[in-house]
Structures are given as C-alpha cells and as structure tokens.
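Take a look at the structure set out below.
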Amino acid sequence: MSTLLKFSEAPFVCACVIRLLCIAIFLTALEYIMIIRQFADDGIYSWKMIKLRTAHSIRKLSPEILFNKPGVLTIMALRIGSSIYLLIDPISPVTVYILAIVVTTSLLLAVRNPIGGDGADQMSAITSIALLITFIFRDPKITAVSLYFIAAQSIISYVIAGTAKMLSKKWRSGAAVFQIMNTESYGSERIALYLHRSSPVVSAVLSWNVMLVEGLFFTVVILPYPYCLVFLAWGLFFHAYNAVVMGLNNFFWVFLSTYPAIIYANIALHHYWGF
Amino acid sequence: MILYFISVFYIGWLILTCANQPVFKSNKWISHHDLFRLVPVWTFFAPNPGVSDFNLLSRVKLEDGTITTFQEIPLRSKKELSTALFNPERRLQKALNDHARTILMQIDNEITEQNKENIKLTFSYISVLNYCAKLPLAPRAYAIQFIILESFGYQELMEPRLILNSDFHRL
C-alpha cells in the first residue's frame, strides 16, 4: 500500500513515466543507428526518395542537411544522449530542455519518416509532449492534467482496439487470432500449428479475452485498488507476448510508460473526487 | 487561465484521436493533414487483420543477356528473446513491408488495365526498385527486376499470389 501511495505523488509518477519512456527512446534510437546506412541515398529511408512523395510543403522545404544520413545520425545521437540523461536524473532543472530535445527530434522524425513508423512511435511522441508541457509550467494542476491526458490516451488506445475487434466477424469467431499467429511477420509456427490442430474454441477464447479486456480497459481507472492492477498486469503480459512472439518490441516500453499515469488517475479519481 | 487552455487542448487532442479512427469519415482528412503523426489510429489488427506475408524477390539480367535466378530479400527476422528487446532489422523490414502493402492497395484500388504503367511512377515502386538496385548484385549486372508475392502463412491457407512483377530496369 505504501508503494501505491507513492503513485499519488505527481513527481514520482512523472519520474516513472520519463524513465520507462526513455528506455523505449534509447532502444529505438539505437535500432535506427544500427541501420543508419538505410538513410543514405541508396537506402530504403533515402531522403531523396521520401521527399519526392509528399504533398506537405514543410517536407519539401526541409533542409537537406537535417534529413540526410549525418543529419539523422545527429538526431539519433541527441535522442540517445537525452534518454540516458533522463534515465539517470528524470527530474532536474534541465529536464524541460532535455524533453524539448526529445519532442523536437520526435517531430522531426515524424516528418522525416512517413514510412516504417508505428503506434508506439506515436504514443512515445504524445507522452513526450504531455511531459514537456508539465515541465514548462511546473504547476501541480497542469502536471495532474497532463498525467490524466497520458492515462486517457493510453486507455482510449485499448478501448478503440477492443471495440474495433468486436466489430469484426473474424475476431468474434476467433479466426483472426489463428490467422495472425499463422503469419510469419507477426506469428509463430508453433502457436499457429497448435491453434490449427486444436478446437476453434481455443482461438475464440483467446480472441474474446483480448476483445473484452481491451474493450473494458476504461474500468482500470474506476476499479478500486488492487482490482485495477488486474488490467495493468494483463497489459504487461499482453505487451510482453507481443514483443516476444509478434516482434513488437518497442510497444512494450512505450505503453508500459503510460501505466504509472493510469495508476495516478485511478488514485485521484478515488481519493479526490470520492468516486 | 493557462490550465483552462491546456485542458481544452488535451480534450481536443483526445476528440481528434477518436475522430481519426477508420470508422469515421474524418479519418482521411485528419491523417492527410497530420504531418507530425500526432493523431494516432488505435485499431491495431482490427477490424480486418493482416493475414498474409509479403515476399520480395529480385533477379538481374547480365550484359550477355543471361537472367539469374530470383533471390529472396528477407522481410522478416528470426524472433528470439533478444529481438524482443532489441531488433534493428525490424525497422528496415517494416519499411519494406509498408511499401509492399501500399503497392498491393494501389493495385487493388487505383491501378486498372488502362493505367497499369502508372504503378511505376509511385513512391513505393520507385523506393523498392531503388533499394533492390543498390543491393550487392552479380558482376556485369545490366538490369534488375523485382517481384512481390503475397503468401498465407505457416499453414498455407491459400496458394501464394503474385502482386507485382516489375519490368527489367536498367541499372
């Protein structure tokens, strides 16, 4: 319970969010550095190619030096440096400046790479912006509102994903689980074989498990402690599974980073609003 | 006052996020104008999950006219515990998969028998061609061709199908 009380303190929650998010930022930036040659003119992320594509004038007018290979390398180096600093010291007088670097480089990367990104990159940028707003104003009420926003964005992501699945016949029948696990991109040969050989009920149970928990994820802020932790424990396992089996490694840290904000919102709802 | 503006800003952002889901008509407009990709689509694998894999293969024509056999360009990396933590190849493969999926959507929705040459002018086609052409090739390679196949998983539910068979392009 004493640990839970810590999650009612905004600075502690902000530090948790920053640290978990910075693990994601560090790993993602390092992944890009490992394939930095793909940002040269002959790579799949060639800026000469990408800038041809877009109708957005900002992208067309962007200076070459910012988005060529050395430019991207600089952006990634800045993100690695910033994430290491914030991992060590998440709350200090310079946090706002470091977060400004993180946000600016996130926005630059979004412009630079219209392909190859995913939902984890978006959640990372959204969380960074909310944290930056928090540290610009350093006001307890603005901090609370920013943490509620991070929690709301995370909860909405699960609820929308669950609802969209419920609208699909493939998901309701359980066929989608087998079909996704059967792909080489996101699946596993052993799991696909198991699901193929077992009763369709197994796939249906797995499918409904995902749909119901995602669809009902909003109750994570309503349920009292420790029942709310069931949803977060499910989320932890879900993202770990997605990282190991489906290869969605960056989702794990990014979505995990929103969980302290969810606990904070839960406590606030129960204690201050008497819910 | 600042708190009021920030609260309105956050609420607006959440409303935009909800409006950006594919069930709403506003989705296309928001996505088009969202240069910084700050308004996400959260429908992950729904309502219609991707149930196929893409396979990219290329071959070259040599100066003497000989055509080599197709070589597969890997679009998937082996999944291990280490890749659950750190997987740089995924970033490359995700980009190639995104291009393959875009080409498939363009062929299904925009390209007809009358305008089929237009596919060669698309960003994804040129990007994949550019990528394949810069891979290590056989000596005396003169031209390159790539194909994109769609396959249907470990337990092959359907026969693989050819999505795109490019022309030979001079290197």
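Glycine too: its Cβ is placed from the backbone N, Cα and C atoms.
Copied over from TrEMBL, here are the features:
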type     : residues  : note
TRANSMEM : A:12-30   : transmembrane segment
DOMAIN   : A:53-267  : domain 'HTTM-like'
TRANSMEM : A:94-111  : transmembrane segment
TRANSMEM : A:123-138 : transmembrane segment
TRANSMEM : A:144-164 : transmembrane segment
TRANSMEM : A:216-238 : transmembrane segment
TRANSMEM : A:250-273 : transmembrane segment
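If you look at the transmembrane segment (A:123-138), the same-chain residues 6 or more away from its ends with a CB under 8 A from one of its CBs are 14, 17-18, 21, 24-25, 28, 95-96, 99-100, 102-103, 106-107, 110, 146-147, 149-150, 153-154, 157, 250, 254-255, 257-258. Taking the domain 'HTTM-like' (A:53-267) as a whole, pLDDT averages 94 in the prediction. Within the chain carrying the transmembrane segment (A:12-30), a Cβ under 8 angstroms from the stretch's Cβ atoms is held by residues 6, 76-77, 79-80, 82-84, 86-87, 90-91, 95, 102, 120-121, 124, 127-128, 131, 134, 143, 147, 150, 249-250, 252-254, 256-261, 263-264, all 6 or more beyond its ends.
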